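For CYS67, HIS102, SER119, the entry in TrEMBL reads active site. For 197-263, the entry in TrEMBL reads region 'Disordered'. What TrEMBL records for 235-249 is compositional bias 'Basic and acidic residues'.
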Amino acid sequence: QIPIPSVPAFQPSTPIPERLEAVQRYIRELQYNHTGTQFFEIKKSRPLTGLMDLAKEMTKEALPIKCLEAVILGIYLTNNMTTLDRFPISFKTHFSGNYFRHIVLGVNFGGRYGALGISRREELMYKAPVFRTLSELIFDFEEAYRRCWHTLKKVKLGHCVSHDPHSVEQIEWKHSILDLDKLTREDFRKELERHARDMRLKIGKGTGPPSPTKDRKKDVSSPQRGQASPHHRNSRGDRRPSGEKKPADSKAMPDLNGYQIRV
């Protein structure tokens with residue numbers, strides 16, 4: 001029998017940082033999906049309520065997940081933490097002629113930034129909420145990528161996600177798209193802080209996430225395209241330090257509802 005991780009439950013008095021650690025432990029216990037098959041199809045254009053239903057299914061199936069699934073699960077498990085702001089952070093990096101993509105859930109509690117997520121690389125997932133500014137958090141991820149021999153090319157920042165699990169609004173995944181090839185270091189820092197101010201202003205006005213806008217730029221390759229890791233770039237089974245493969249055609253996907261698969 002393979003043990004199924006228990007969804008974390010909290011007392012009202014449990015501090016938010018401890019709750020975040022418990023959520024991250026749960027995500028980690030599900031394990032990273034190395035199978036080459038994506039068990040949950042996630043469409044970013046779905047309303048929040050539909051994505052939360054999918055997250056609930058993830059907790060029931062307890063199958064291995066990838067980074068986008070971890071973001072949806074992180075939103076679901078932190079919905080009752082109303083003093084916590086959540087927003088998506090996407091990364092595009094370059095290594096050995098290839099581009100790689102990864103996403104985490106940025107969090108802000110008490111003016112301190114952190115992140116939840118999952119990755120093949122320990123340093124590209126959880127960040128405790130200890131960073132004083134958004135730029136400090138992003139620079140920490142950039143340094144982690146550098147240690148994996150990856151060059152950070154783009155950062156995409158979304159707006160805060162509603163805490164209402166029944167909201168029919170869509171998550172705004174790409175409110176700010178920052179191209180590091182076109183920005184100086186100081187300009188990059190200023191743009192990150194501008195985005196942080198925009199989020200604070202929207203929260204201060206009591207407005208929810210705005211309606212999604214059309215993507216200002218579209219990458220040539222799929223955001224879930226398979227990518228190679230620094231050490232095994234020629235192996236299709238062990239790809240990059242963090243990222244997702246393009247989901248297989250839903251018609252070709254096996255029916256996994258009756259199975260508990262652990263890797």
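Cβ coordinates come from backbone N, Cα and C, glycine included.
SER119 (active site) sits 6 Å from CYS67 (active site), counting Cα to Cα.
Separation of the C-alpha atoms of CYS67 (active site) and HIS102 (active site): 7 Å, rounded to the nearest whole number. Ranking the active-site residues CYS67, HIS102, SER119 by the number of CB atoms within 10 A of their own CB puts HIS102 at the top.
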